[in-house]
Amino acid sequence: MTKAAVLGTGSWGTTFAMILAEAGTRTTLWGRRAEVVEAIDRAHENPEYLPGVRLPTSLRATTDPAEAIDGADFVVLAVPSQTLRGNLAGWAPLLPPRAVLVSLMKGIELRTCKRMSEVICEVAEVPAERVAVVSGPNLVGELVRREPAATVVAACDDTVTARLQDACHLPWFRAYTNADVAGVELGGAVKNVIALAVGVAAGMGLGDNIRATLMTRGLAEIARLGAAVGADPHTFAGLAGMGDLVATCTSPLSRNRTFGENLGRGMTMAETIAATRQTAEGVKSCESVLDLARKHDVEMPITEVVVGVVHDGMTPSEAAMLLMSRTPKPERYGV
Ligand SMILES: NC(=O)c1ccc[n+]([C@@H]2O[C@H](COP(=O)([O-])OP(=O)(O)OC[C@H]3O[C@@H](n4cnc5c(N)ncnc54)[C@H](O)[C@@H]3O)[C@@H](O)[C@H]2O)c1
Ligand SMILES: O=P(O)(O)OC[C@H](O)CO
C-alpha cells in the first residue's frame, strides 16, 4: 500500500490528507500543535482549520515528524511558502532515500525568487526527478463538501506523476498529469497576485468588465513570465493556469481575493492582516513575483500595482489610474 506523510495541518494540508486517505493511501499528518493533532487523530476533526468536517478514520496525525515520514513514498509539504526552507531543513535528515517530495504550496520565495520545487531540491538535496507539485482550482471550502473538482499533478518523471495521480484520484477529485513543473507552479503562485487585484477592484465597487480585464491581462502576465522561465505556454490555458485563476478571482472563498477586497473597501493593511487568519500567499509572493519578472525583464503592470497597494502605500484609486493610463498598445498574449 502506498504511504504518504503530509506535513502541515492547515486547511489544504488537512484536506489533501483527507483526499489521499480516501483514495486508499495510508496517510499520516504532521502538525506543530498537540491539541490539533490529537483532535485529528482521536476525534477525526481539525477544529482549528476545518471545524465540523469529518475526516477519515484511517487518517492518522502526530507531532513527531520522524513518525509521520517513516517509510513514506510521498512526503507532502503543506506549510506557508516563506517558512518552507526553514521547516524542510529540519525534516531533510528524516527523508527515506527514495521518497518523492510533493509541494502543495502556491508561492515564490522572497529574496531568492525560487519556486517551491527549486527550494525543495536545494534544501533536501534531491534531484528534480524526486519532486512533484499539485496545483489547480482547489478551494478547500468546496473540497471538504466533496464537491467535484480537478487538479494537476506535475513532475518531470512520468512514473512519479502516474503514481501520485493514483494516490490521490477519487470519483469527485480528478487528478490530471503534466510534465511542466515550472508552468504549474507559476500558474498557482501568480494567480494569487491577480486575485488580490481583482479583490481590490471588487472592494472599490467596480464591476464585471474590469474583473474580466484584470483576469485576462493577468493571464497574459502569467504567460509572459512563464515563457521567460521556460514553461510550456499551453499550461496556462489549463487547470493550473486559467482554471485556478478563474476559481480564485471569482470565489468569495478565496483568501487572496478577500484580502484584496478588504483593501479596496478602505481597510488599512494592518486591519486587513488582522482580519486574515490563514495564509494569503499573494501578499508576500507579489514582491518575489515582481523581482522574478524584473530579473527576466518581463513587464507585469498588474503585479506592480499590487505590490504598490500591498507594500508601498499606493491607494486603490491611484493603482486603478496607473493601470488605465498606460500607453495604448496592441493586445498581445504571452511573449
Ligand atoms: N486552502 C486552500 O484552499 C489552498 C488550496 C490550494 C493550495 N493552497 C496552498 O497551500 C499552502 C498552504 O495553505 P493552507 O491553506 O494549508 O494554509 P493555512 O494557513 O490554512 O495553514 C498553514 C499551516 O502551516 C502552519 N505553519 C504556519 N507557520 C509555520 C511555520 N513557521 N512552521 C511550520 N508550520 C507553520 C500552520 O500552523 C498551518 O498548519 C499555501 O501555499 C496555499 O497557497 C491552499
Ligand atoms: O484561498 P486562496 O486565495 O489561497 O486560494 C486557494 C486555492 O489556491 C484555490 O485554488
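Cβ coordinates are placed from backbone N, Cα and C, and glycine is handled just like the others.
TrEMBL labels come from automatic prediction, so no person has curated them.
Of the residues proposed, Arg224, Arg255, Arg257, the one TrEMBL records at the same NAD(+) site as Gly8, Thr9, Gly10, Ser11, Trp12, Gly13 is Arg255. Going by what TrEMBL states, the NADPH site holds Ser11, Trp12, Arg32, Arg33, Tyr49, Arg255, Glu281, and the candidate of Lys106, Lys295, Lys329 recorded there is Lys106. Gly10, Trp12 are the binding-site residues among Gly10, Trp12, Arg255 whose C-beta comes within less than 6 Å of an atom of ligand 1, given in sequence order. In three-state terms derived from DSSP, Trp12 (NAD(+) binding site) belongs to a helical segment. The two recorded residues, Trp12 (NAD(+) binding site) and Gly136 (sn-glycerol 3-phosphate binding site), show a Cα separation of 12 Å.
Screening the binding-site residues Gly8, Gly10, Gly13, Lys191, Asp244 for a C-beta under 6 A from any atom of ligand 2 leaves Asp244. Cβ neighbour count for Ser254 (sn-glycerol 3-phosphate binding site) (all protein chains, 10 Å cutoff from its Cβ): 25.
Cα to Cα, Arg255 (NAD(+) binding site) and Asp244 (sn-glycerol 3-phosphate binding site) are separated by 13 Å. Taken through DSSP, the domain 'Glycerol-3-phosphate dehydrogenase NAD-dependent C-terminal' (180-319) splits into 106 helix, 0 strand, 34 coil.
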